[in-house]
Amino acid sequence: MALEEFTLTVLGAGVMGTAVSSAILNSLVKPYPKKVILCTPQPTDTLKETFAKFDNVEYSFTAEGNKKAVKEADIILLAVKPFMYQQVYDEVKDALTGDQLLISLLAGTTINELSIFTKNVAKVMTNTPARYGCGTAAIAFSPDVSQEQQELVKKLIEPVGLTVCIPEKNMDIATSLIGSGPAFCLLMMESMIDGAVRMGMPYDVARVSAAKVMEGTAKMLLETGDHPAALKSKVCTPGGTTIGGLLKMEDGALRSTIARGIEEAANISASFAKK
Ligand SMILES: NC(=O)c1ccc[n+]([C@@H]2O[C@H](COP(=O)([O-])OP(=O)(O)OC[C@H]3O[C@@H](n4cnc5c(N)ncnc54)[C@H](OP(=O)(O)O)[C@@H]3O)[C@@H](O)[C@H]2O)c1
């Protein structure tokens, strides 16, 4: 495959397929896809609006069209719901060439299961902030993926935000921490907003303030490299407001509840693969 001239076929242009494809297309990534074919059963206005400015984007809304799109593909981005991967494989299997590179965004589904498509599998776990270039993506490769293909996958996934390479055995944890993580952070922000509104702050002010506190704190954690507990203790004035608020949260076992939530989501992801 000439790296400068590749066709990317997206099987499942839903939330994640759209988020990752638009992150790639909006980036200056090199090599840049010559063509992107978005496959989904239903043409939606949002889909066409999102990609209207790109003249290298085509669509397929039929099983026959998907087959043709897969035949043309150098790289397949698989982004359907996990339970659908076998059905999608059955639809397109005759068009698979055997040496294509598959990038899968599916939770749970293992590299071994995905190797029905090709021996070259990159399993990626990312999240919805990818759409805004501030997502996180964990990548694991099947042993057959060449160094050159690994570099290409990393380059293509980089526009989603931060990328990390991990062994496949850590993927269920990545599914929880990275994939489900935005929902956990949103719950935390929702609770902070509720508390502020309860005390009389207007919702709009509380909403942007909570979001900026989350963003700023995350930046501080990344830039200092300090442990969260060390940073937290620095803002606890003896007898002050912060330690009072923290102790109230600890009474509700907030820390272990969040940690156990991460554990539960990782276990659920692992159970998908066993089905
Ligand atoms: N959403 C997240 O936050 C998140 C985070 C990490 C990983 N993931 C993973 O990303 C994957 C996609 O999730 P999602 O939230 O993006 O789901 P989604 O929005 O439902 O996207 C799936 C897309 O696939 C389409 N589709 C259904 N059957 C198809 C077929 N036979 N051929 C081609 N396309 C078909 C669906 O169309 P219809 O809607 O018309 O059926 C839909 O557009 C999942 O495997 C999930 O594990 C999601």
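For all residues, glycine too, the Cβ spot is worked out from N, Cα and C.
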Listed co-binder of NADP(+) (same site as LEU11, GLY12, ALA13, GLY14, VAL15, MET16, ALA79, VAL80, LYS81, PRO82, source TrEMBL) among THR40, THR44, THR62: THR40
Neighbouring C-beta atoms (10 Å sphere around the C-beta of PRO82 (NADP(+) binding site)): 18
Other CB atoms within 10 A, centred on LEU11 (NADP(+) binding site): 28
Binding-site residues listed as ALA13, VAL15, VAL80, least Cβ neighbours within 10 Å: VAL15
Tally of DSSP helical, extended and coil residues in the domain 'Pyrroline-5-carboxylate reductase dimerisation' (168-269): 86 helix, 0 strand, 16 coil
THR40 (NADP(+) binding site): tally of other CB atoms within 10 A of its CB: 20
Mean of pLDDT values spanning the domain 'Pyrroline-5-carboxylate reductase catalytic N-terminal' (8-108): 94
